């Protein structure tokens with residue numbers, strides 16, 4: 001068995017920044033540091049931060065007064081921000097800047113009284129945060145669609161005053177079809193020059209397509225609640241390659257590889273490289289050889305830290 005590694009894979013700039021915000025807050029202020037929602041959707045990362053003093057909660061009413069709170073990389077609604085401000089909580093915002101870009105778009109549509117359609121997965125925290133940027137008091141509304149069927153059923157107030165945005169971690173292929181359906185149904189709809197799917201999601205999806213074309217089995221390292229990791233598994237399967245989403249080496253079954261000569265490995269944007277290395281080690285223990293890195297698109301993007309953490313971490 002030969003191992004092939006997708007490139008790029010694993011952590012993106014937004015995830016790096018979010019994890020570093022929690023780490024630096026723990027270093028500068030000491031535990032406990034409260035984090036609203038899992039800072040990124042990866043069990044290994046969350047458990048590591050929890051062991052160092054991070055406390056993960058789903059709502060701010062679980063947070064005591066006079067503590068530090070971090071908003072997760074997925075972003076939060078305006079209502080959550082207002083609740084935190086009203087309580088005087090010290091907040092560090094780990095929202096991915098590319099998610100914030102979508103928030104700004106939605107807020108502008110709201111101010112302009114323009115109805116907005118969000119393409120995304122119901123119940124995902126990023127979707128909840130993005131929907132929560134829209135203030136319907138200006139007379140508009142925001143709608144959520146996931147697929148072409150949702151578009152066909154959608155009833156809007158003013159089809160000539162519409163715009164769309166997208167969740168950042170969707171399948172590019174699926175989203176393109178939904179956008180086409182929106183433009184067909186609502187010819188005057190506006191939107192971003194390109195969809196809002198982030199560079200890292202696009203790069204990892206392109207890489208897994210290449211990987212699936214060269215391998216007999218694909219392993220996607222990522223947690224079950226990770227949207228972008230699930231999309232990677234789906235893309236590999238659509239290319240006719242068996243694919244498995246695993247948190248780590250302990251989730252693998254030897255029988256998956258009985259007929260496999262080439263095993264591909266990738267990782268979602270919230271999965272650390274240490275988990276990939278653990279998978280490689282286990283496969284080698286089962287007789288696999290090598291670990292060839294495929295050619296891929298280089299990523300050199302970084303996002304800045306909040307100023308207070310940047311400065312105080314140097315003291």
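Here the Cβ of each residue, glycine as well, is placed from N, Cα and C on the backbone.
Features as listed in Swiss-Prot:
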type	residues	note
BINDING	12, 96, 198	[4Fe-4S] cluster binding site
BINDING	41, 74, 124, 168, 226, 227, 228, 270	(2E)-4-hydroxy-3-methylbut-2-enyl diphosphate binding site
BINDING	41, 74, 124, 226, 227, 228, 270	dimethylallyl diphosphate binding site
BINDING	41, 74, 124, 226, 227, 228, 270	isopentenyl diphosphate binding site
ACT_SITE	126	active site, proton donor
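Site extent for (2E)-4-hydroxy-3-methylbut-2-enyl diphosphate: among the recorded binding residues 41, 74, 124, 168, 226, 227, 228, 270, the largest C-alpha separation is 15 Å. Here the CA atom of residue 12 ([4Fe-4S] cluster binding site) lies 13 Å from the CA atom of residue 226 ((2E)-4-hydroxy-3-methylbut-2-enyl diphosphate binding site).
Restricting the recorded positions 12, 126, 198 to those with a CA within 10 Å of the CA of residue 74 ((2E)-4-hydroxy-3-methylbut-2-enyl diphosphate binding site) leaves 126, listed by sequence position. Here the Cβ of residue 228 ((2E)-4-hydroxy-3-methylbut-2-enyl diphosphate binding site) has 27 other Cβ atoms within 10 Å, regardless of which shown protein chain they belong to.
Reported as a whole number, the C-alpha separation between residue 228 ((2E)-4-hydroxy-3-methylbut-2-enyl diphosphate binding site) and residue 198 ([4Fe-4S] cluster binding site) equals 10 Å. Here the binding-site residues are 41, 74, 124, and the one whose Cβ sees the fewest other Cβ atoms within 10 Å is 124. Within 8 Å of the centroid of the Cβ atoms of 41, 74, 124, 168, 226, 227, 228, 270, where the record puts (2E)-4-hydroxy-3-methylbut-2-enyl diphosphate, the same chain has further Cβ atoms from 40, 126, 169, 225, 229, 268, 269. A Cβ within 8 Å of the Cβ centre of 12, 96, 198, the residues given for [4Fe-4S] cluster, is found for these other residues of the same chain: 13, 14, 15, 73, 97, 98, 99, 168, 169, 199, 200, 201, 269. Same-chain residues at least 6 positions away in sequence with a Cβ under 8 Å from that of residue 12 ([4Fe-4S] cluster binding site) are, in sequence order, 198, 199, 200, 269, 299.
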